[in-house]
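> Sharing a structure here in structure tokens format.
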Amino acid sequence: MILRRLVLAGSLLLATAFTSAKKADSPIIMATRFDHEPINLFYFGDSDVVMLQDIKNGDVYVSRDAGVKWDMVNLDGLKGQALSLWSHPTDRTKAYILGKAGKHWVTNDQAVSWHEFSADVEFFQSLFPLVFHGKDSDRVLLQGHKCVGRDCKEVTYYTTDGFKTVDILIENARGCNWAVSTPIFGDGLNLSKEVNDRIFCIVPGLQSPWSDYNRLLYSDRFFKQDSGTEAPLDSGRAVSGVVRTASVKKYLLAAAKSARTSELALYVTDDGSQWHRAEFDGQRVEEDAYTVLESTNYSIQIDVVAETPSAPMGTLFTSNSNGTYFTRNIDHTNRNGLGFVDFEKIATIQGIILVNTVKNWEDVEMSALVEKKIISQISFDDGRTFQPLKAGKHDLHLHSVTHLSNSGRVFSSPAPGLVMGVGNTGGHLKDYYDGDLYVSDDAGITWRKALDEAHKYEFGDQGSVIVAVFDEGRTGKISYSLNHGKDWKEASLPDGIKIRARILTTMPDSTGLKFLLVGSSKRDSDVEHYVISISFTDMEERTCGKDDFETWPARLNEKNEPDCLMGHKQFYQRRKADVDCFIKKKFQEPVPQFEPCKCTVEDFECDFNFIRSTEGKSCVPARSLPVPEGACKKPNDKYMGSSGFRLIPGNACIREGGVELDKQIERVCTDTLTVPVSGEIVVQKTFFTADNYKGYFYLERKDSSKGDDETVIMITSELQIYITRDHGKNWKEIFPGETITRIVPHQYFDDVAYFLTNSGDGWYTLDRGENFRKFKAPIPPNQDKLPVLSFHPERRDWLIWTGAEECKTRGPQCHSVAYYSTNHGSEWHFLMQYVRRCEFIKREARGSSNNLVFCEQFENENPLNHHLQLLSTDDWFSEKKVHYNNILDFATMQEFIIVAVRGEKPEDSLSVGVSVDGETFAYADLPANVQIPVQRAYTVLESRTHAAFLHVTVNNVEDHEYGSIIKSNSNGTSYVLSLSAVNRNTYGYADFEKMQGMEGVAMANVVGNVADVEKGAAKKYRTMITHNDGAEWALLSPPSKDSEGRDYSCSTEGGKPTDKCALHLHSYTERADPRDTYSSPSAIGVMLGTGNVGEYLTLKSDADTFITRDGGITWQEVRKDRYQWEFGDSGSIIVIVPESRPTKTLLYSLDEGKSWKEFQFTEVEMLIRDISTVPSDTSRNFLLWGNEVGNGKKPGVAAVNIDFSNLKERHKQCVLNEEKPEADDYYLWEPMHPFQPNGCLFGHRAKYHRKRPDRDCFIGRELQHLDSIGDICECTRSDYECDYNYEPQIDGTCAPVPGLKPLDPKLICTEDPKAVEWYEPTGYRRIPLTKCEGGKQLHHIIPHACPNKEEEFLKKHPGLRGVGLFFVIMSPIGLAAAIGYYVYTRWDGKFGRIRLGDTGSGGFFASDSLLISIPVAIVAGVVAVATALPLLASSLWRSVRGYARVPGGSSSQRVYSSRAAFAAQRADYVGVVDDEDELLGAEDFDEEENDDRGQV
């Protein structure tokens, strides 16, 4: 949404007056000189009081005589402190001065007096500072930031009494709005007091600060008695990703964007309670690609970008009366890159719109280099039809909003029917300085030239006076006309002043005879600024009488007769053009007169649940219609229902004798919601002319995207590429006859994919395969198996292409060159040569430039020297910065950039370099207790919890690999051990997986016989689980009985697992398809896996299938044998199918796996190789991939669509009431954490929406599963982890690493200039993720003042002085000595340990003791995945978040890969974060230098 306020840069300081000679037949002109250009100039309504601001000096000025004399506003504390000046949009008496130092001022009497108020807030451009109530001018929101040093957070204040009192409304809100935000909001709806008090605020998500998780909350009590309720934007459900709200006329709009798409959803309300999603006739609405325009009282006008953003054009849409359905008015409207649209409604006249469109739009779509040819068009029927502007017989084209030359409206004013503009006649619009001034006095029907050259212009005295000033350079005169622009006179500026005009304006209603001209004049080397008043009040003109006026029809039809709109004709009493008089009705705007018309087709719109038909002549159902009570007992019954039309609300047409399109008609019951369903699962099998498939991936439609497609792209073993838009029911081959060698789905946007050839030609789709566009690369793709395309995380169309140069013959001259494009390949620009990989670094978590790019380049552009430099730039390498001279690789994540830096001695060692901002790097301190003789390989895991996670390889012997997971502090530089002996395979991937959708649950397979493995024995695995993000790990509890009701051969102790009897599951390194994860991001609490019960994990062939419904606490055996599984409809459907054996049937569950039903999907046995659904697991469709193997088999690979949407139990949508979440088909589920009986995890309790398993309904689009974060808990030892150089013990204790010292705690004083104190090390540090408050402060016990900060320290600790300070310091020392002696003499552990103790009483070591804490390490990563689709031998690789493959030594083909989104082929199977989690390593460096690197 484009919200803008037009100002001019500059300021004023000194005022000096000049006066021209007074003449009876010309205006009086007086000039006031200022040293700085004035800004924020405005009139108070219905007055001659004008204000402006000197922003440079921080002063404000006021004039009470329409700009003749100016006085500085002198208030205590205001001098030099004014930051901005604002007028109230609807109250003509109020204005506001926002100050620089927390003091602000308000006037309620047009600047006669001022009231000071205080609010500690700083103002940034990201928030609109003042938000006004539409009906009560005393109600205002004040938005900004509260800053302490560099740490700033959003804060919103509110007042209900005009700032007599001010209170904090909410903190950390990203924008707030009153529900009643305009004077006409809710008119005729009898709004309740609650809605009048209602405020909507955009706030961060409950578990994530990123904008994709923003929520829209509302409160009717100023967030005092509640924390807000989520607005039910979409069919009664809350929506995440709300990016902004805006008000226009009687509507409030909210825009939301889902993660991994640039497409927006717009939601509209006209009563503050009921929201509807706006539909745009199939048009995509992109982020920052639409503009809410000036609208009417009965519809919204929105311009939506249609095509190339680099040469933006739009489509103009107009809504129905409730803002739900938008119809297309005109295509190819002219826009600019700032979102301004060449669109204006003619003031005071209903239905007349003036737009500019692009004549050569087809050429512009083909190339951004083509200059747009712009033409002007006008509509007299509210945008239904458009026609050219005519000046005589010639087409006229006028400069509009995209070329603003004045403040206020471009063409019109409240002067009835008078319209002006700068432009030219001919085939299209020329440059502004090639234009002339044109005028129309019949609201745009006919035009004539007024003045040569471009001029600024303004209307006065209801159009009796027009003033114009030359706008192509300096001028010393003005021009004016007293007869609608037919004839013109000139008047000179006083004292020979020549200015460059900046603003020409008058009072807002254009009823006065005074004007203001702002301009600048250059004398010698000085620039002088003037505010010039122009007054026609003393001219010898009589006052107009009755005979001087005419009845003027505002609109004419094609027969030149008064036209009807909204049920009436509109007329004005307007002064005749050629009479010699002034109206002199100051502050009295012209009042329209209306004459009613009989109802016609134009007076009706589509009713609720209906949309315009394709031909636009009828209204057809948009969805199944609600059934009338008592009707539709049988499918063939009929009932009386809506015709599809309704009279537009507010339309005043006469019913009698007119058209009645809204009369009820007879409808058939098949249109209703109660159509009986077949109750059957529908199957559609498709065979392909290939023996197998090489890969598939989903282009998933997100919640904010339009349509209902479920798009899959599949590649066969014969290299044919097929697409389905309906999840496999119908397939179509794309690019037949083309040799596609690479398919590269966008790393960050699921709507986008690129299809490449070896020649450099390619195609891309921006809309999930609905359309394909061709592009040409600057050079062919590289031949080094480097990533060809790199993507920007936030700018969808920004690309980096790494291609091959001088490579026709493979020789030493062949090298890689990087180019970049900001318009998806329409234009390319050179970036750097001799590169290996280049990436955009911008992330939402860091404030870096959008242009920040990192590249790996061979030193001295010589790949033979084996040294890769890490370089960065934010100006496309006009300048560059060298971060490291010899690196192996780097990984970019949401919060960190981690670099594998090669060591000097030994040469094959690695160090870790870390940066949080992309500017400054520091080396990481790895824990000494992770015994790694030489750091040679590590895997970068997830970093969304304000900490980085690494898997560090401890044993690198082939087939015997394992390592440790370590976790960093908040800046990624200091690491502690989390879990040892985690299994790793030869390629560097670890058996580690986080449960999706829940905090704190992760599973890992560890090597259970480390000592034997070190001697050469085969690895034996055990599965461990954590429910508190690594604070404690335990074996999986086995089921009490198997699926056949029999006991297992081993036994547990009281139901708890033992070393001899636990459940073990096969993990990532054993999966044929890495996308087959245990859990789903939408099936909260549910996991499936295959494995066995016993001492260790056994062979896969011996595995059975298990399920948990409570986050891994308890498990149940589903079936003997191993099955493949998939979640559908957010877990309300679970489908399993046998793995590695032929079958005709599948099993499905509708109650989270409690019971299962068998379904036969084929007559011929099939061997199913995979089962899939959309990445979010929200569809009711599944795909089985396999081959027929039984009698009567057909050749070729088959894709079998299994559709549950017609199943009776899944045909009705579940009901969720956000205000009463347990009232209908859902309940609130609170995860249980077995080691924390109070339910706290990271200092809070969480509650999730889950469907009741016994309800027969479907969930539909993905829920915001997390309903709330309940109680904030007091800090306990579980909210802390071991500090650097402290390590967790096997028995749960925390001890110093022998022989090592903690980090110097005084470093904070030098690293943070704001630091006042440092604390003595305690061995503990607070977990970055915890929200706990109060309680145990284990990390801060004994404070000390930083050097030269003693005074601030004593102010912070006022009691620590003199004797008191002595005892505070000495008491802990004495107590520590006493405890030390006691422990040394009484405790067998002696020094070096802090015992965990039991939960009961335990003296010093009880669970609540301040002296001890359990080490907590967050394990919140995702499984590393090689997201590969081999299309042509090692060349087709898909990565949603980034992929890089670097073969290492011997035959290992060491992989350095993204682990953040194997979801490539399945997009988001693990719901991975936007980190590019990678495997970094160094093996056999000499060989690795000459090896190839894999495809991104």
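From the backbone N, Cα and C atoms, a Cβ is placed for every residue, glycine too.
From Swiss-Prot, for reference:
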CARBOHYD  ASN190  N-linked glycosylation site
CARBOHYD  ASN297  N-linked glycosylation site
CARBOHYD  ASN322  N-linked glycosylation site
CARBOHYD  ASN971  N-linked glycosylation site
REPEAT    61-71  repeat 'BNR 1'
REPEAT    377-387  repeat 'BNR 2'
REPEAT    438-448  repeat 'BNR 3'
REPEAT    480-489  repeat 'BNR 4'
REPEAT    722-732  repeat 'BNR 5'
REPEAT    819-829  repeat 'BNR 6'
REPEAT    1106-1116  repeat 'BNR 7'
REPEAT    1148-1157  repeat 'BNR 8'
TOPO_DOM  1384-1409  topological domain 'Cytoplasmic'
TRANSMEM  1363-1383  transmembrane segment
TRANSMEM  1410-1430  transmembrane segment
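How about a rundown of where these features are and what they're close to?
Its Cβ placed at the centre, ASN190 (N-linked glycosylation site) has 8 other Cβ atoms within 10 Å.
In sequence order, ILE184, LYS249, LYS250, GLY650 are the residues near ASN297 (N-linked glycosylation site), counting only same-chain partners six or more apart with C-beta under 8 A.
For ASN322 (N-linked glycosylation site), the same-chain residues 6+ apart in sequence whose C-beta sits under 8 angstroms from its C-beta are VAL268, ASP270, HIS276, PHE608.
Mapped onto three states, the DSSP output places ASN971 (N-linked glycosylation site) in coil.
Tertiary neighbourhood of the repeat 'BNR 1' (61-71): same-chain residues 12, 15, 17, 30, 32, 38, 48-54, 111, 507, 512, 514, 516, 531-533, 535, selected by CB-CB distance under 8 Å and a gap of 6+ residues from either end.
Applying DSSP to the repeat 'BNR 2' (377-387) sorts its residues as follows: 0 helix, 4 strand, 7 coil.
Residues 346, 349, 352, 354, 378, 380, 389-392, 396, 398, 416-423, 463, 466, 484-486, 554-556, 577 of the same chain lie 6 or more positions beyond the ends of the repeat 'BNR 3' (438-448) yet place their CB under 8 Å from a CB of it.
Sequence-distant contacts of the repeat 'BNR 4' (480-489), counting only residues of its own chain at least 6 positions beyond either end whose CB sits under 8 Å from a CB of the stretch, comprise 26-27, 418, 420, 439, 441, 448, 450-451, 463-468, 536, 541, 577-578, 580.
Per-residue pLDDT, averaged across the repeat 'BNR 5' (722-732), gives 98.
Long-range contacts of the repeat 'BNR 6' (819-829) within the same chain: residues 308-310, 367-369, 762, 764, 766, 775-779, 795-801, 803, 853, 876, each at least 6 residues beyond the stretch ends and with a Cβ under 8 Å from a Cβ of the stretch.
With DSSP classes pooled into helix, strand and coil, the tally for the repeat 'BNR 7' (1106-1116) is 0 helix, 4 strand, 7 coil.
According to DSSP, the secondary structure content of the repeat 'BNR 8' (1148-1157) in residues is 0 helix, 3 strand, 7 coil.
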> Please list residues from the chain of ASN971 (N-linked glycosylation site) whose Cβ is under 8 angstroms from its Cβ, counting only those at least six apart in sequence.
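Sequence-distant Cβ neighbours: VAL914, VAL916, ALA922.
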> What is the number of residues in the repeat 'BNR 3' (438-448) that are helix, strand and coil, as DSSP sees it?
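Taking each residue of the repeat 'BNR 3' (438-448) in turn, the totals are 0 helix, 4 strand, 7 coil.
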> Could you pull out which residues elsewhere in the chain have a CB under 8 Å from any CB of the repeat 'BNR 7' (1106-1116), counting only those six or more residues past its ends?
995, 998, 1001, 1003, 1025, 1027, 1036-1039, 1043, 1063, 1065, 1085-1091, 1152-1154, 1231-1232, 1234
